[in-house]
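Copied from TrEMBL, the annotated features are:
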- H188: active site, proton acceptor (ACT_SITE)
- G12, A13, A14, G15, Q16, I17, G18, N106, Q113, V130, G131, N132: NAD(+) binding site (BINDING)
- R93, R99, N132, R163: substrate binding site (BINDING)
- 6-146: domain 'Lactate/malate dehydrogenase N-terminal' (DOMAIN)
- 157-321: domain 'Lactate/malate dehydrogenase C-terminal' (DOMAIN)
Amino acid sequence: MPQTPVKVTVTGAAGQIGYALLFRIASGQLLGQGVPVRLSLLEIPQAVKAAEGTAMELDDCAFPLLAGIDISDDPNVAFEGANVGLLVGARPRTKGMERGDLLEANGGIFGPQGKAINDHAADDVRVLVVGNPANTNALIAQAHAPDVPAARFTAMTRLDHNRALSQLAGKLQVPVADIKKMTIWGNHSATQYPDLYHAEVGGKVAAEQVDDAWLRDTFIPTVAKRGAAIIEARGASSAASAANAAIDHVHDWINGTPQGDWTSAAVPSDGSYGVPEGLISSFPVVSKGGAWEIVQGLDIDPFSRERIDASVAELADEREAVSRLGLL
Ligand code: NAD
Ligand code: LMR
């Protein structure tokens, strides 16, 4: 092995997303080729056996970069020395369940995990929360980790970002790679705002290449409600595409975003674009030197302003709700 392995802790490792994620991490797609990785799998006691089965399969792949696998049901053990924390384990939304119902069900999981990260993770730990409601779960984890820089806690909107790229590419019949500067603003929920007023296709503003009715009545709701549509179709929430987005998020965080483009991630607001400080909200971001930076200086038109404000208001409500529950 050329260097000390990077320790990646994955919670909910025996779940659907875990199964789609772990093999890609072990193959080098998360950190980059040439970077050895040690996996730490956290599960609840009832699912440890299943995690052991996944670990056997990981062994059977003989991945050259995989330096070892640890399995635990104790967050304090699982996060020991972690450089990357992928907080996936949560109760997935099932048919007919509202996201608000998830706040209380999941809030209790993320406090202890945040504290375990605070007390045991490596100094450079970076955390991506995938488990829903992801933005607010990230806020809860962050609140329990006062010794970790707040900016190290992020939530995933990269799946929404990728969905937006794919929908627009399909509409304009262009390769996904021709689209730059896509942005998801706000919450990973149906209020999210996928923004075509800053996105560019072939160097021209995307919103000017589609009609307003499609943008407002098809594109935005299709992207924002895609998670629910997948649950309806599959009878389970998205898994492989969510794992793919988690890989994209952490890969870009560590290795940087390409010149001339940006991506979307939910990061702690510094007050940019009128988003109250501290809310973990999705923004246009670039990654430089291993840190996310919110892209500054974009003009926000009135339509976009209204959409961003609505999603941010939902985040503020969620913060208020978990604060009332004593989870912050
Ligand atoms: P799943 O039910 O298949 O797996 C979840 C796993 O988490 C289970 O194995 C469970 O035992 C484990 N778990 C539960 N509590 C735990 C705890 N306290 N510690 C460790 N592990 C624990 O669910 P899934 O399909 O893998 O989805 C996981 C989460 O990701 C859900 O909340 C889902 O809504 C969310 N999700 C988010 C996005 C996104 O874009 N942000 C996309 C898809 C799914
Ligand atoms: C998704 O966007 O696919 C998921 O967040 C949906 C969900 O509620 O689990």
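Placement of Cβ uses the backbone N, Cα and C atoms for every residue, glycine included.
Location within the structure of each feature annotated in TrEMBL.
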residue	record	DSSP class
G12	NAD(+) binding site	coil
G18	NAD(+) binding site	helix
Q113	NAD(+) binding site	helix
G131	NAD(+) binding site	coil
R163	substrate binding site	helix
H188	active site, proton acceptor	coil
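Taking a C-beta cut-off of under 8 Å and a sequence gap of six or more, G18 (NAD(+) binding site) has these contacts in its own chain: V10, G12, L41, A51, T54, V88, G89. Here R163 (substrate binding site) comes close to P194, T222, V223, R226, S241: these same-chain residues lie at least six apart in sequence, with C-beta atoms under 8 angstroms from its C-beta.
When other Cβ atoms within 10 Å of the Cβ of Q113 (NAD(+) binding site) are tallied across all protein chains shown, the result is 28.
Each residue in the domain 'Lactate/malate dehydrogenase N-terminal' (6-146) gets a DSSP state, and the totals come to 64 helix, 27 strand, 50 coil. Sequence-distant contacts of G131 (NAD(+) binding site), defined as residues of its own chain at least six apart whose C-beta falls under 8 angstroms from its C-beta, comprise T11, G12, L87, V88, G89, A90, N106, I109, F110, N137. Residue with the densest Cβ environment among the recorded positions G12, A14, H188: H188, by other Cβ atoms within 10 Å. Only Q16, G131, N132, H188, of the recorded positions Q16, Q113, G131, N132, R163, H188, place a Cβ under 6 Å from an atom of ligand 1.
Per-residue confidence over the domain 'Lactate/malate dehydrogenase C-terminal' (157-321) averages 97 (mean pLDDT, predicted model). Highlighted here are the binding-site residues (A14, G18, Q113, G131, N132, R163) whose C-beta falls below 6 Å from ligand 2: N132, in sequence order.
The sparsest Cβ neighbourhood within 10 Å, among the listed binding-site residues (Q16, N132), is found at Q16. Spacing of Q16 (NAD(+) binding site) relative to N132 (substrate binding site) is 14 Å (Cα to Cα, whole number).
The shortest Cα-Cα distance between N132 (substrate binding site) and any of the recorded positions A14, Q113, H188 is the one to H188.
You'll find the Cα of Q113 (NAD(+) binding site) roughly 21 Å from the Cα of H188 (active site, proton acceptor).
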